[in-house]
Amino acid sequence: MKQYNDLFKIIHREGYIFIASFALVSFLLASFNEKLGCIGCIATAWCIYFFRNPDRFVPISDDLVISPADGIIQEIKEALPPPELGLGDVEMIRVSIFLNLFNVHVNRIPANGKILALHYNPGKFFNASLDKASIYNERQSVLMEMAQGQKIVFVQIAGLIARRIVCDLEEGNEVKTGERYGIIRFGSRVDVYLPLKTALLVSKGQTAIGGETIIADFGRKKTTEFKFERK
C-alpha cells in the first residue's frame, strides 16, 4: 500500500484526470493504429512528467525567504504590490520567476508565517515573460506576515498557455517554509514582493529551485547555517 501512496504522492492531484484521459485515449488509438498509440503514450508520459511533485530539501529558518517555484529569475525591480491587497503606494522589491513547460509547476510557501489576505483577480493571458503580465494577467495574490514580522507577497500569474491557477490557502492559515500550496497549468510565472531594503541572495538570470533556493535572509548577520527538512 505504501508503494501506491508514494506513487500518487510524486504526481500532483491536478494531473490525475489529465493522465487518466491521455492514457485512455492512447489505449483507444493503439487499438486502431500502432503509431498513433505510440504518440499517445508519449503524450501521456509528458503529462506525468509535467505534473511531477518531487520532494525538496528545504532550509528551515524564520529569517529565510525561499523560492516558491522552479524557473528562471527573469526580473528584479522595484514595483508596487498588487493593489487588491491594500498595501498602498509603497514600492517593494519584486522578484519574478518564469516557469517554462519543462519546470516543476508545484508552488511552495516561501517563508514561515501567517496568511493575512488572499485575492483572486481574473484577467488576460499575455505571455507570462512580459512585464505587463504582473498587472493585467489572471493572478492569485497572497499577503503573509513572516514569523519575524516582515510582510511579504507572493503571486501566482497565469500565462499564455497556463489557464488554471490552483491555490489551497485560506486566510488565517499558519504556514511553514516549503509546504506545497498550489500549482499553475501550463507555463506561468510567480512574483515575490519583499520590503525595499531587503538584501537579496539571487540575481537576474539565475535558475531557482522551488523550496530550496534562498531568495533573501533577513537574519544574514546572525548566521549562515540552517537546518534542512525534506518536504
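Glycine residues also receive a Cβ, built from the backbone N, Cα and C atoms like all the rest.
Annotation source Swiss-Prot lists active site, schiff-base intermediate with substrate at S188, citing sequence analysis. Annotation note: S188 (active site, schiff-base intermediate with substrate) sits in a strand segment as assigned by DSSP. All protein chains considered, the CB of S188 (active site, schiff-base intermediate with substrate) has 32 other CB atoms within 10 Å.
Summarising the annotation, Swiss-Prot assigns pyruvic acid (Ser) to S188 and lists sequence analysis as the type of evidence.
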